[in-house]
Amino acid sequence: MLHVNFTEEESLNTQALIVFIDDKLKLDSELINLDQQHHGLISKTIANKLQFTGKYGQIKIIPSVVKSGEVKYLVLAGLGSEEKLTEVKIEELGGKILQNVTNAKIATIGLKIKNRISNFTSSHVASLIASGALLASYRFDKYRTTLKEADKFVVESFEISTDNNAEATKLFEVKKLIAEGVFFTRDISNEPSNIKTPQIYAERIADILEELNVDVSILGEREMKNLGMGALLGVGQGSQNESKLVVMEYQGANKDAPYIALVGKGVIFDTGGISLKPSNNMHLMRYDMCGSAAVVGTMIAVASQELPVNIVGVVGLVENMPSGNAQRPGDVVTTMSGQTAEVLNTDAEGRLVLADAVWYAQEKFKPKCVIDVATLTGAIVVSLGPTYAGCFSNNDELADKLIKAGEEVNEKLWRMPLHEDYDAMINSDIADMANIGNVPGAAGSSTAAHFIKRFIQEGVEWAHLDIAGVANSNKPSSLGPKGAVGYGVRLLEKFIKENYEQ
């Protein structure tokens, strides 16, 4: 993990110094002084607009002409229009800076910031820049045994001086705890499925959360059978690896305060079962447990901050595999709620896992609010692509709060429709419901949401986040490499902090 240190200006000792310049290309007195120290290098660079325009996100690394100094490079970072800067933009700028200096093989970087930028204090800006750099520093190369030394290069340290280092440190420490939740989510999601079996994954959850004073219970197939979880168990019955239900209870508020329940789909690998998927890109189905990973990452972020809230996380961990013992299309399963479901397609398995998991959370903890997170449908990818996750909810206020939280951390949500017509589409001729709609290719994400909605108890606020299009990416972003994004952790942490802290 990138080492970030807030220190006094005279203690800065770095190879590269970051310089913020907006699109007006005007230097304040501090930058004029720095420019003079470097023999006009900054002013000469910005005078040539072919080299640097101050556009937001533009990064220009220029070698220092002062041979005797410790600073070997100046890193010009474009702010664009200061009036248009947001927390998201500042944080992502930190990520862009980190990525550029990494490519330039610069081991240590520094930032001196004493003045406000737009409406943000120097300590606020510094904490956001550092947070973005930290998130962008993530790597998953543990299985790359033949990497060349040059490809293993990482930025070692980021030293920052502000007009209030104590405040900057305090702000960043919170960001760092959230990043640890994001990194766990990315790590476990990126792991190959032969490494993260349900048992191993469950043990990793317990190892990290029990150190944060979170009570963790791991239910095996015998316990789930006794509870009547026929839907979840049906999905996993074709696998040699036993299914697990992991229950994480964090009590940061008083015992009488209501719980928030976070429920995650944890299909460790999804072949589609007997309704077998095409082989093309099937390897990406290791990411079909990203909803569960987001729940665990959120629990880490919340518990490590010791937030004064009561939260329970429930994740169903299964493998959807074909075998002689696998669930068949046409099978009928009885859920923990007592309702029955006809399994018309074994590749619509995530909703079956969630049906029992959300019911368990409600029965045991009586939460005021249930939010489930799942890479549930390909239909949501068709609808929203890789930009938005779908948000379905029975409560307008809850949906609005989630969408607002998502906007604030750039984990976007788009409200999707629920309607009685969609609900009718999952009626079955022989059971209480079917696990797919009866109109082929129609409203697939909405019918899936309605399946889960049938397991939400009276009076419970509920939201379903379908993250199938945003959980992993085939290209890097400003805040991380390609692969697992860690989507949902920062969104849910922000939502909880804004709405449930006592």
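Glycine is treated like the rest: Cβ placed from N, Cα and C.
Copied over from Swiss-Prot, here are the features:
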ACT_SITE  Lys277  active site
ACT_SITE  Arg351  active site
BINDING   Lys265, Asp270, Asp288, Glu349  Mn(2+) 2 binding site
BINDING   Asp270, Asp347, Glu349  Mn(2+) 1 binding site
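Location within the structure of each feature annotated in Swiss-Prot.
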residue : record                : CB count, 10 Å
Lys265  : Mn(2+) 2 binding site : 32
Asp270  : Mn(2+) 2 binding site : 26
Lys277  : active site           : 14
Asp288  : Mn(2+) 2 binding site : 28
Asp347  : Mn(2+) 1 binding site : 19
Glu349  : Mn(2+) 2 binding site : 29
Arg351  : active site           : 28
Reduced DSSP state (H/G/I helix, E/B strand, rest coil) at Lys265 (Mn(2+) 2 binding site) is strand
Cα distance, Arg351 (active site) to Lys277 (active site), nearest Å? 17
Given the Mn(2+) 2 site Lys265, Asp270, Asp288, Glu349, its other Cβ neighbours within 8 Å of the Cβ centroid, in chain order, are Val235, Gly266, Val267, Met285, Met289, Val318, Asn320, Gly350, Val353, Ala374, Thr375
Quick check for the class: what is the C-alpha distance, in angstrom and rounded, between Asp347 (Mn(2+) 1 binding site) and Lys265 (Mn(2+) 2 binding site)? 14
Among Lys265, Asp270, Asp288, these being the binding-site residues, pick the one whose CA is nearest to that of Arg351 (active site). Lys265
